[in-house]
Amino acid sequence: MHLHFTPRQIVEKLDQYIIGQKDAKKAVAVALRNRYRRSKLAENLRDEIAPKNILMIGPTGVGKTEVARRMAKLVGAPFIKVEATKFTEVGYVGRDVESMVRDLVETSVRIVKEEMVVKVQDKAEEQANQRLVEILVPSPEKQSGFKNPLEMLFGGAQNSSQTSDTQEDGEIEKKRQDVERKLAAGLLEDEIVSIEVTEQQSSMFDMLQGTGMEQMGMNFQDALGSFMPKKTKKRKLSVKEARKLLTNEEAQRLIDMDEVTQEAVYRAEQLGIIFIDEIDKIAGKQSNSVDVSREGVQRDILPIVEGSNVATKYGSVKTDYILFVAAGAFHMSKPSDLIPELQGRFPIRVELTKLSTDDFVKILIEPDNALIKQYMALLATEGIEIEFSDEAIRKIAEIAYQVNQDTDNIGARRLHTIMEKLLEDLSFEASEITLEKITITPQYVEEKLASIAKNKDVSQFIL
């Protein structure tokens with residue numbers, strides 16, 4: 001957990017990945033810092049302070065989801081993104097709103113489990129190596145030293161059998177020590193061994209996914225799994241691959257699942273972030289039965305956001321201190337079209353601005369994961385170094401902005417389409433090109449994109 005970041009530090013970290021949108025960054029930075037402040041309070045006061053949920057308003061592709069996702073990743077908090085349109089009112093077929101909390105707890109369990117695995121990794125690898133030694137130098141089957149039933153009664157011929165067993169054990173121990181040394185030196189990595197691994201069974205309850213009955217299916221499956229034996233199967237693998245599988249198995253045995261569950265539920269309750277996208281799609285004045293159903297979804301979401309207890313396979317989870325970040329474009333509706341009770345549960349409103357040509361230029365080159373850096377790295381694997389002139393980057397940004405204006409505005413996602421079209425031929429022929437360095441010029445951009453961008457009808461289908 002990295003809750004110690006100051007709001008300014010959080011904004012600086014977000015700047016590494018997201019261009020612009022200062023208001024949204026400030027809002028999430030303050031929300032995160034308030035969690036740290038709350039953790040320092042006395043318990044009686046801490047229970048009274050709930051997080052202030054955020055409503056982000058802005059067109060698609062301007063960074064709403066990315067701001068929330070990077071925020072959660074920054075502090076290592078459990079985070080899930082859900083779409084409001086996927087939920088249905090209680091009583092209808094579909095996912096119920098409580099499933100978002102169950103998904104959050106599952107994410108939290110995975111995060112805590114991964115952390116625990118890292119802690120026991122060394123011990124698990126040591127035990128896996130021990131198992132590999134036993135597989136490579138197996139113990140001989142112990143045979144009874146008595147050939148005649150009467151010998152068992154009178155103790156005959158036992159001494160000679162014990163002596164030979166002791167000698168055999170000594171030889172095996174020497175062999176195992178030799179194999180241990182070779183394993184440690186990495187000399188047996190390509191040796192093939194036969195190991196028994198637990199078989200991953202596909203569940204018949206998978207068909208319940210997305211029907212709103214998945215929780216019932218999981219509970220029933222867990223109940224069956226507790227008394228059904230686990231299936232194992234033999235696999236032939238190299239020592240290197242076998243070590244990975246055995247280390248994972250040993251790590252799972254070393255982890256205390258009760259401790260994992262307890263910590264995961266705590267993190268989900270106190271640090272969890274749920275991002276509800278497309279919330280504008282369930283807003284609207286009552287005019288027909290569809291709108292009534294949308295309002296039903298809003299009313300179902302309300303108690304979750306207000307604070308309630310949700311039953312999960314890991315126990316009851318309180319939603320009082322989960323941070324909810326809702327987002328929507330609100331093209332066809334307004335935030336005031338949400339039911340008043342739900343509006344009141346999102347006190348912080350942030351409007352994200354449309355992206356300009358200058359923003360597109362920055363998106364192409366400035367972030368740590370900038371698009372141009374990605375394409376340069378991909379083509380470098382073929383031995384080709386590509387570079388973009390400043391004028392070419394400006395040209396790409398102008399075309400992306402223009403196509404957004406002429407067709408649907410999909411924000412920064414337009415750059416992915418533009419870049420793919422621009423480098424399509426180069427990516428196709430990269431393995432056959434003998435040139436080591438290629439410079440992308442404004443003329444090249446013009447040649448590949450301008451004719452399509454100028455023709456509105458064509459750009460609707462291609463860009």
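Yeah, the Cβs are placed from backbone N, Cα and C, and that goes for glycine too.
Lifted from Swiss-Prot, the feature list:
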| type | residues | note |
| --- | --- | --- |
| BINDING | I19, G61, V62, G63, K64, T65, E66, D277, E341, R413 | ATP binding site |
| REGION | 154-174 | region 'Disordered' |
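Recorded features from Swiss-Prot, shown on the structure.
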| residue | record | DSSP class |
| --- | --- | --- |
| I19 | ATP binding site | coil |
| V62 | ATP binding site | coil |
| E341 | ATP binding site | helix |
Would you mind pulling the longest C-alpha to C-alpha span across I19, G61, V62, G63, K64, T65, E66, D277, E341, R413, which the record has binding ATP, in angstrom?
34
Would you count the other C-beta atoms found within 10 angstroms of the C-beta of E66 (ATP binding site) for me?
17
Under 8 Å between C-beta atoms and at least six apart in sequence, can you list the same-chain neighbours of I19 (ATP binding site), or say none if there are none?
G63, L355, D359, K362, I363, E366, P367
Does anything in the same chain, at least 6 positions from V62 (ATP binding site), have a Cβ under 8 Å from its Cβ, and if so what?
G20, Q21, L352, T353, K354, L355, G411, A412
K64 (ATP binding site) has how many other Cβ neighbours within 10 Å of its own Cβ?
25
